[in-house]
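Annotation source TrEMBL lists signal peptide at 1-32. Summarising the annotation, TrEMBL assigns disulfide bond to C41-C56. The domain 'Cupin type-1' feature in TrEMBL is assigned to 70-218. For N105, H120, E125, the entry in TrEMBL reads oxalate binding site. The Mn(2+) binding site annotation in TrEMBL covers H118, H120, E125, H164.
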Amino acid sequence: MAAKFSIKTTSSFFLVLCSFGILFFSLSCFSADPDPLQDICVADLNSTIIMNGFPCKPVSQVTSDDFFFSGLMNGASTDNPDGQGVSRGDVTTFPGLNTQGLAVNRVDLARGGIIPLHTHPRASESNFVIEGEVLFGFITTTDVLYTKVMKPGELSIIPRGLVHFAANVGPQKAVLLAIFNSQRPGTARIPSNLFASNPEIPNDILAKNFRVDEKIIAIIKSKFGNVQIS
């Protein structure tokens with residue numbers, strides 16, 4: 001019975017994903033990346049050329065395998081402080097996405113797991129819940145918070161560049177797809193940006209920003225393995 005449910009869920013998920021990708025993110029007007037100038041441009045990840053994106057692999061070396069990807073079939077480990085595992089389907093793992101303005105990640109959340117506050121500077125993000133109950137939220141530049149607990153089959157949109165987060169609020173694990181209109185959306189994680197940067201942001205700067213004592217900043221940094229508390 002469980003196997004049948006899994007197959008049905010997987011089939012429905014891929015149907016929604018394909019439809020959504022075709023009708024929304026695959027349209028050039030919604031893409032955050034430049035339009036392609038040729039039919040295909042499979043990324044040459046071994047090239048030493050530095051450019052905005054990746055150079056094309058010679059067409060003579062392109063095969064069917066470049067356009068198919070199985071990296072989202074299994075979830076990544078959630079054995080970490082956040083209780084999250086991310087399987088990436090961007091241009092660095094799926095070279096056929098190069099110049100297509102699309103990336104899809106699978107996110108697994110353990111019970112109580114979170115996706116910490118972060119932003120994607122190069123893409124809008126849509127989330128499709130496959131399993132579990134997930135609280136999503138994003139904050140506008142005017143400090144307004146929008147949130148909702150999402151269930152399987154529901155879809156959300158996170159506007160480009162805005163700070164957002166997610167948390168598994170259900171009694172079991174959660175699985176979702178994060179779909180981006182960029183082949184490499186980038187991720188700026190707010191906690192590690194602030195408290196685990198290299199070089200470090202001076203404690204007095206952070207203390208003034210958060211209006212707390214510098215000792216509190218030092219304690220927070222210690223949670224990220226940056227400093228020792230004296």
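Cβ coordinates are placed from backbone N, Cα and C, and glycine is handled just like the others.
In TrEMBL, annotation is done automatically, which means it is predicted and not curated.
Positions of TrEMBL features highlighted on the structure.
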residue : record               : Cβ within 10 Å
C41     : disulfide bond       : 21
C56     : disulfide bond       : 19
N105    : oxalate binding site : 22
H118    : Mn(2+) binding site  : 17
H120    : oxalate binding site : 24
E125    : oxalate binding site : 23
H164    : Mn(2+) binding site  : 23
> Helix, strand, coil residue numbers for the domain 'Cupin type-1' (70-218) per DSSP?
Replying inline: 22 helix, 55 strand, 72 coil
> What is the separation, in Å, between the Cα atoms of H118 (Mn(2+) binding site) and E125 (oxalate binding site)?
Replying inline: 12
> If you measure from the Cα of C56 (disulfide bond), which of the binding-site residues N105, E125, H164 is the nearest?
Replying inline: N105
> With a radius of 8 angstroms around the mean position of the C-beta atoms of H118, H120, E125, H164, what other residues of the same chain does the Mn(2+) site pick up?
Replying inline: T119, F138, I158, L162, V163, A178, P185, T187
> Between H120 (oxalate binding site) and C41 (disulfide bond), what C-alpha distance do you get in Å?
Replying inline: 24
> Taking every residue in the domain 'Cupin type-1' (70-218), what is their average pLDDT?
Replying inline: 97
> Measuring Cα to Cα, how many angstrom lie between E125 (oxalate binding site) and H164 (Mn(2+) binding site)?
Replying inline: 10
> Cα distance, N105 (oxalate binding site) to C41 (disulfide bond), nearest Å?
Replying inline: 21
> Apart from N105, H120, E125, which residues in this chain have a Cβ no more than 8 Å from the mean position of the Cβ atoms of those residues at the oxalate site?
Replying inline: A103, A123, I158, A178, I179, F180, P185, T187
> Taking the Cα atoms as reference points, how far is H164 (Mn(2+) binding site) from N105 (oxalate binding site) in Å?
Replying inline: 16
